[in-house]
């Protein structure tokens, strides 16, 4: 099975990319802030190595990207990925630090804009695993993942926040969605077009989706059939050194002894033994 990993956390998905950098069985795609920003990796020129060449895609972005600019890259790139790679399963990492107003982030995505990625990947009707990720303005992380759970299930959620234990955390508006800010979008149309063109060109070099070579299946090990001894005592050993009675009890008179009984001697042998003893006595008497 081919697996597609997509990362929309604001940080580059360096760990997963590195793990599968040399294989064509897993494709990794990361949309992230690039430049003087942790972890400092994820250049558009990082495309994989060996069999994994062109199976790593990096989408480097600048501060302030909004919903429209983000989707102008996400949908054409991911649409092409699904066309040429044809994964059997998709893993989508939904890091919420790419939302507007995140304490460590610098993007300007709304919750609906972020969730549009979930909606788009769900539309391909391929098994989809959604993961959490980063996110440092906690109330907005909760908002985002609540809404995206609804998107994944095809449920439209009311924007008005219901009463619950942590209701006061979501003031003063107490709504599910948060409006993006008016921060500057440093991603020019020219830059976005260059990124889109470069990555679509890389994807065009993947002529066919990789497949696993069929291998001859080794034959099953055939075990010899066990003889059926219905009604027999499993403790009975047909090769035993003793005879048994009808109740499988040993017959004492028939038990084979480890040490054989001495053989009975006839009268001639007895006389010969007595004669030999007399000679021994005479030889042992002192001389006069």
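Backbone N, Cα and C atoms are what each Cβ position is placed from, and that goes for glycine too.
According to TrEMBL, the divalent metal cation binding site annotation covers 9, 11, 97. Residues or ranges marked as compositional bias 'Acidic residues' in TrEMBL: 222-245. Among the features that TrEMBL reports, compositional bias 'Basic and acidic residues' is placed at 246-288. What TrEMBL records for 2-149 is domain 'Histone deacetylase'. Per TrEMBL, the feature region 'Disordered' maps to 208-288.
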Around the Cβ of residue 97 (divalent metal cation binding site), other Cβ atoms within 10 Å, all chains included, total 23
DSSP puts the residues of the domain 'Histone deacetylase' (2-149) at 55 helix, 30 strand, 63 coil
Using a 10 Å radius on the Cβ of residue 11 (divalent metal cation binding site), the other Cβ atoms enclosed count 22
To see if you understand the setup: which same-chain residues, six or more apart in sequence, place their Cβ under 8 Å from that of residue 9 (divalent metal cation binding site)?
32, 93, 94, 95, 97, 98, 133, 134
Starting from the Cβ centroid of 9, 11, 97, which together make up the recorded divalent metal cation site, report each further residue of the same chain whose Cβ lies within 8 Å of that point, ordered by sequence.
10, 32, 95, 98, 104, 105, 133, 134, 135
